[in-house]
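Enquirer: Pasting a structure here, questions to come.
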Amino acid sequence: MAKFFLTAAFAAAALAAPVVEERQNCAPTWGQCGGIGFNGPTCCQSGSTCVKQNDWYSQCLPGSQVTTTSTTSTSSSSTTSRATSTTRTGGVTSITTAPTRTVTIPGGATTTASYNGNPFEGVQLWANNYYRSEVHTLAIPQITDPALRAAASAVAEVPSFQWLDRNVTVDTLLVETLSEIRAANQAGANPPYAAQIVVYDLPDRDCAAAASNGEWAIANNGANNYKGYINRIREILISFSDVRTILVIEPDSLANMVTNMNVAKCSGAASTYRELTIYALKQLDLPHVAMYMDAGHAGWLGWPANIQPAAELFAKIYEDAGKPRAVRGLATNVANYNAWSISSPPPYTSPNPNYDEKHYIEAFRPLLEARGFPAQFIVDQGRSGKQPTGQKEWGHWCNAIGTGFGMRPTANTGHQYVDAFVWVKPGGECDGTSDTTAARYDYHCGLEDALKPAPEAGQWFQAYFEQLLRNANPPF
């Protein structure tokens with residue numbers, strides 16, 4: 001899996017800061033603080049400044065400086081850097097970003113957001129603030145069609161998961177997101193908001209990929225580093241026990257243990273993957289937390305030769321972890337393109353009888369339950385709106401043509417085994433470059449069914465975002 005670092009510099013005229021007494025009513029760091037049609041707060045909480053990105057969007061950026069006088073305000077240019085990393089999950093790429101600073105956990109929880117049954121019921125899902133800023137600062141300024149601009153603005157408000165793919169993201173993105181949600185809930189959000197987070201930092205991560213580049217190696221204290229990462233997540237989640245938190249656990253990892261044990265890196269990582277996944281499930285077993293282990297997708301573990309070994313593996317992990325209450329089930333189609341339910345199988349799925357996620361889950365669940373794991377499911381539909389896609393083969397994962405934004409996140413799935421349809425991967429970040437001379441070039445990104453020309457993995461891919469937007473089903 002390629003890991004790409006992108007420095008995004010934001011610089012614009014900073015707005016004057018309000019007096020301290022008013023800041024409790026201001027937007028949090030990374031929150032929106034202005035723009036055409038925006039009716040929310042136009043000031044920022046202490047430590048950040050409202051910076052205009054374009055006519056449609058102003059954002060609270062940390063560390064911005066502003067000087068004021070009694071009659072006028074003089075704005076200085078502010079630059080905020082964020083590290084951006086990308087990860088290939090189930091044959092495609094997902095993105096997560098982190099500010100390069102550490103924040104202090106404000107206050108403490110006075111209640112516990114415990115739940116019974118489906119953790120997606122009785123809550124609202126939180127829209128990813130960084131993805132919102134990407135859409136408003138990178139996508140919308142390049143769109144001239146007013147209707148498409150309005151549609152893009154609507155995409156920015158769709159709740160999506162936040163990825164913790166490096167240790168630095170724990171004390172930055174996780175704390176900031178939970179702080180923002182706490183503030184919104186304390187301000188009277190009804191129903192309250194819940195957080196959606198991806199735990200994703202195993203050593204020797206994504207073992208079957210052509211160019212894995214996670215931050216830790218098993219041979220270099222990786223297991224202990226990962227336990228520290230999980231321990232810190234646990235500490236923060238306990239501090240925010242008033243915020244219900246839904247976790248996807250380690251995309252690709254266990255699925256690779258089913259199908260890719262012929263890959264030396266995977267066979268070498270197998271025992272560590274199992275040990276650390278069990279460690280994470282035990283440590284994050286908290287009353288306000290719900291966990292879903294990643295279980296690939298219909299075109300991966302859904303094949304008849306793979307589905308029973310997959311059931312055996314996931315049930316064994318669940319049992320060895322002590323059947324934690326917070327382990328609700330499995331996540332499928334993470335960062336992929338598969339339909340939830342389609343009337344006839346696309347040609348590229350043949351001859352798999354489980355040609356969509358519904359068939360996969362309905363075949364998978366009884367096998368799991370028979371082994372003591374009555375798993376519920378969540379299904380990523382962020383890029384699954386257009387069916388069939390333009391893929392020539394099911395394994396063609398990179399920037400697939402003919403895709404669109406899919407059904408919006410909801411707990412109203414109409415299916416007894418499915419807790420929610422979700423957007424684990426927000427659309428618009430590139431899966432990989434089509435430049436054959438690039439160091440991170442993967443041949444999948446140069447295939448005829450991959451959209452080209454494509455920038456490096458993790459960079460904003462405007463043409464792909466607009467493809468998803470134009471093909472969205474339902475439309476925005």
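Glycine residues also receive a Cβ, built from the backbone N, Cα and C atoms like all the rest.
Among the features that Swiss-Prot reports, signal peptide is placed at 1-16, with the record citing sequence analysis. The domain 'CBM1' feature in Swiss-Prot is assigned to 33-60; the stated evidence is sequence analysis. According to Swiss-Prot, the disulfide bond annotation covers C33-C50, C44-C60. According to Swiss-Prot, the region 'Disordered' annotation covers 67-94. Taken from Swiss-Prot, the feature O-linked glycosylation site covers T144, S153. Per Swiss-Prot, the feature substrate binding site maps to W163, D165, H297, W300, N336, W397, K425, E429. Marked as region 'Substrate binding loop 1' by Swiss-Prot: 200-222. Look at Swiss-Prot and you will find D252 tagged as active site, proton donor. Sequence annotations record features per position, and here Swiss-Prot assigns region 'Substrate binding loop 2' to 423-461.
Help me picture these features in the structure, burial and contacts included.
Expert: Secondary structure at C33 (disulfide bond), as computed by DSSP, is strand. Its Cβ taken as reference, C33 (disulfide bond) is surrounded by 25 other Cβ atoms within 10 Å in the chains shown.
In the three-state DSSP classification, T144 (O-linked glycosylation site) falls within coil. Here T144 (O-linked glycosylation site) comes close to no residue that lies at least six apart in sequence on the same chain with a C-beta under 8 angstroms from its C-beta.
Of all Cβ atoms in the protein chains displayed, 25 besides its own lie within 10 Å of the Cβ of W300 (substrate binding site).
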Enquirer: Can you check how the pLDDT averages out over the domain 'CBM1' (33-60)?
Expert: 75
Enquirer: Just report the maximum Cα pair distance in Å for the recorded substrate binders W163, D165, H297, W300, N336, W397, K425, E429, no decimals.
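Expert: About 23 Å separates the two most distant Cα atoms.
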Enquirer: So for K425 (substrate binding site), how many other CB atoms are inside 10 Å of its CB?
Expert: 29
Enquirer: Three states by DSSP: which one describes N336 (substrate binding site)?
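Expert: Coil, per DSSP.
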Enquirer: On the three-state reduction of DSSP, what should I expect for E429 (substrate binding site)?
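Expert: Note: E429 (substrate binding site) is in a strand by DSSP.
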